[in-house]
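Look at TrEMBL and you will find B:20-37, B:84-102, B:123-149, B:155-176, B:188-206, B:244-265, B:303-321, B:350-372, B:401-425, B:437-459, B:471-492, B:512-533 tagged as transmembrane segment.
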Amino acid sequence: MSVIAIENLVKTFGGVRALDGLDLTVEPGEVHGFLGPNGSGKSTTIRILLGLLRRDSGQVRLLGGDPWRDAVALHRRLAYVPGDVNLWPNLSGGEAIDLFGALRGGLDPRRRDELLRRFDLDPTKKCRTYSKGNRQKVAIVAAFASDVELYVLDEPTSGLDPLMEAVFQEEVRQLTQGGASVLLSSHVLAEVEALCDRVSIIREGRIVESGTLSELRHLARTTVTVETGRPVTGLTELPGVHEVRPVDGRVRLEVEPEHLDALLTHLVRFEVRALTSTPPTLEELFLRHYGETIDSDRQAPAGGTR
Amino acid sequence: MSAFTGTGRLTRLALRRDRIRLAIWTLGSPLIGYALAESVASIYPEEQNRIGYAEVANTSVVARAFNGPVASTDLGAVVVTETYLTLAVLAALLSTFAVVRHTRQNEETGRAELLGAAAVGRYALLTAALVVVVGANVLSGALLALAFVGAGLPAAGSVAAAAIVGVGLAFTGAAAVTAQLSVTSRGANALASATVGVAFLLRATGDVLGQPAADGVRLVSAWPTWLSPLGWGTQIRAFDDERWWVLTLPVALLVAGVAGAYALAERRDLGAGLLAARRGPARATAGLLSPAGLTWRLHRGALTGWAVAVAVLGLAMGLAGNEVDDMIADNPAAAEAIAQLGGGAELVDAFLAAMLGLFALTIGAYVVQALLRVRGDESDGILEPLLATAVSRYRWLGTQVAGAVLGALALMLLAGATTGLGYGLAVGDPVGWTVDLTGAALLRLPALLVVAGVVTALLGALPRLSVASSWAVLIVFLLLGQLGAALDLPQAALNLSPYTHVPSVPAVDVTVLPLVVLTAVAAALLALGLTTFRRRDTPT
């Protein structure tokens, strides 16, 4: 049974359709990357999963239950790190961690101390004096010290430095080794590439792409650069080959993955001397879905499009 | 670039942010002033009525404590006395909150950092806040003077009466300093509000200890009044022989406060305060680790402050109760005024009942303030991670309601006990009176339950309007209770307030039915609030 199963989810705020038929599935034990720019509906989806917002229509199952109706029972089995962590200004960080742990159903004190040490967080400071990164650490420590089945992380590392980012990634791996599932909303693509088993890309309230990274790569073109003894001809007539252009005596082109084999068969006739093939990066995948938005934003008159 | 660069732009920004608040502020005071002037003119049309009023007001300890002295038997002087407390405290608190909002709150939220990185001088933020707040006070004062003139009062007196804005100026100076001292806007507001409280107590003490002048109508306030900015506003003696020089006192305090604030701003880092942030424990104690424990922790500071104020006021009022008989023995008008507030036949009982009624109204503000924290936490994003834990919405809101109600109960019992103790000490039966008045105070609780019910229902059903509408409801209850009879409002209107229905013990006998009905109404409102809170989106 899936940890998270969302079908055709719709949520509107006034006249704005924040979620427009969203589908999302997270399987047990996986780290699922949830990618999309600000305002695409990531946090709204997460708030519906947490029973904070009511869905207008669609099916949502979380750990086998209804996130709105069974909120309290489900919340014992998950931990949440918000993107923008706000805390009680007059409580110390340590008190806030213990409080969140207790309200969730208890935390492991040894794990808590280990996490405090690893994230280099001083628990005696009052929450009002913490920087954004330190407030995020408080939420991360409180969540990771809880032994739960699902971790819902909404842009958890936006305030962390690279050192802490590395610690964060190690800790997430440790969680999944214990069998937990993670929904990781992020726009740090390197983090998603490093951690996630599967990725869903959201755009304007819908999932536009979902799958493992290699599956997603199969949907995008591979860049091939080839150096041959004789000039290559007939490339543009090949199916699935695009953007052919000469570069420093070599030829660079993009090819759809299913036509790679035909391309290689064609190329060997021209005495191949060197050949590199680069699969698309996550960034390229991401921009493929958002490129047109960016372009149209650029062309739009000042004042924005949204 | 000078230290003041950017002040003009920041002033416009502050005006833009506060355009609605400022409009309500600057127009609200004149409107209240005009309405009350008209109503006073209709109640006390003749000099003879006003002599009676002044004699009562200047002999009654309660009237002296709350309204201050009546300057003369001129119609304007009566208007000033009736409006002074409301307008002066309003000016003081609005000025305080506005100064803090545009200084310390900007630093706390990081907006000041963003602005400071632009071409903005070190003093610009503070200066812009001062320009806006001083401007709002002066404008509101000018309009108030026009309103009094419009109501047919003499010009010179109207201008002097409008000097109530002086109170706002004095507290603008105080808030400018507290905003430098505390690292949080909440702390700065608390410090500045505490100075308003102290100023009120000083003025009340000075006026209670005041001596009647030779003519038997006027009152000469004792020296503590002169230590209080709230006292200065009354000592101008508008519509009598105006003492214009008194106006220099608030202006001097403003100048001193502003100078102090600039000096402090010069010496500290952005975001830092002079009251250093203390460290806390690395681990939570078991007592904190539940919604109830958290609620107690978050409210105990405010509750302690309220308890101190209530106890001091209760003792003072109780002790004063003993004078009521002597003071009013030969003044039927005063007796009637107290009887109107407290009800019943026995003057002392009426007085004590009226005091408990005032406490119940004031403690209503505690209930509203404590419960509205739910909305504050929701807007600040604190509620979201909290409701993502295994705490149900019923449990969370229910705990908040229980905390506010128990706090109100404790304050009400304390009010009854201290008033009883004070009066009992004066008449030689401390235990008996303490028990009696504690019981009488307890009977007011259903009215406070209704207040809690109204706020809870608003939090659930109208979250975005809950803050403004909760305070509006309490102010309506206050006006109906304190001015309803004076304004000759129909009983149907007075019945809207739960405070109308709680039995005015010890002045009248206990009646059970209204208590039961009020509790039922409160329960229905609470149920409505809890259900709607469960069913709505958060945050909204």
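The count begins at 1 with the first shown residue.
Each Cβ is built from the backbone N, Cα and C atoms, and glycine gets one as well.
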Grab the same-chain neighbours of the transmembrane segment (B:155-176) for me: Cβ-Cβ under 8 Å, and only residues 6 or more beyond its ends, written as numbers and ranges.
29, 74, 76-77, 79-80, 84, 87-88, 91-97, 99-100, 103, 126, 129-130, 133-134, 136-138, 140-142, 144-146, 148-149, 188, 192, 195-196, 229-230, 232-233, 236-239, 242, 244, 246-247, 249-251, 253-258, 260-261
Under 8 Å, at least three CB pairs between the transmembrane segment (B:244-265) and the transmembrane segment (B:350-372) (pairs 6 or more apart)?
no
Can you say which of B:20-37, B:84-102, B:303-321, B:437-459 has the most Cβ pairs under 8 Å with the transmembrane segment (B:350-372)?
B:437-459
To the transmembrane segment (B:123-149), which of B:20-37, B:188-206, B:303-321, B:512-533 is linked by the most Cβ pairs under 8 Å?
B:20-37
How about long-range neighbours of the transmembrane segment (B:84-102): same chain, 6 or more residues beyond its ends, C-beta under 8 Å?
14, 17-18, 21, 25, 28-29, 32-33, 66-68, 125, 128-130, 132-133, 136-137, 140, 144, 164-165, 167-172, 174-176, 178-179, 185, 188-189, 192-193, 196, 199-200, 229-230, 233-234
